[in-house]
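Working notes, structure below.
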């Protein structure tokens, strides 16, 4: 059994492994980690937000942190090889790789990387994320980047998949207006609060997704000190854009599509200019049940 007695704490009550400071992302880039309940639309949100930043003239890098490696396919219009798979091919001798082996250009110049992950039941997702950032630094691929977006697996907030929080300035939480999504969001708020003790990451806000209304999200925000930064209703064009393997900015400019595009552009502008770090105060599980009307 592995001992945890001598491990440095990484947030109260945590035995997460501290990130090597040598693989931090350079100061100057805006680094955003996108979290949320599994299947809530994080990859769609991340890719469209990356596209929006690029429309504002920013150099953008999106890093998919999911073994499914499907974060960036609406940007690249294909499934790209993962960093971990490519490293395995060269027996982890990263010096043998070229940037074109693992980094791919997508819509409007957005650069795309899929970190991938270890086989099911083995390894650690945090290690893979760390190796990805290390590889990007070794090839000097972060030096001229304005915005980095980490699109992170599900609502997992263990030491592994919480690793992107150690690089991020802000975390955006994608949620729907339902109990399960908000319950997952509360757990993520707890993880961010723990990470903020030792790292620069702060809560940037909430993205309401696939929801006509936001009344339950608003209740939660009011109790916990969060703020909704963008609201994307259940617009069919967003679903169809994913089926077409493209971003919302490549869809026919109908009234609904233009409205969604403008909301993404507004979110990107606010993250660049107006975002205020939030001091989130997570609720206990029972408090969420009571808040959202369960007996």
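Note that Cβ sites are derived from N, Cα and C of the backbone, with glycine treated the same way.
Classification of residue 68 (ATP binding site) by DSSP places it in coil, neither helical nor stranded. Residues near residue 68 (ATP binding site) in space but far in sequence (CB under 8 A, at least 6 apart, same chain), listed by position: 153. Among the features that Swiss-Prot reports, ATP binding site is placed at 39, 40, 41, 42, 43, 44, 68, 209, 210.
According to Swiss-Prot, the Mg(2+) binding site annotation covers 43, on the basis of sequence analysis. Annotation note: residue 43 (ATP binding site) sits in a helical segment as assigned by DSSP. Under a cutoff of 8 A between CB atoms, and with a sequence separation of 6+ in the same chain, the neighbours of residue 43 (ATP binding site) are 64, 66, 70, 71, 72, 74, 151.
Mapped onto three states, the DSSP output places residue 124 ([4Fe-4S] cluster binding site) in coil. According to Swiss-Prot, the feature [4Fe-4S] cluster binding site maps to 124, 158, an assignment based on sequence analysis.
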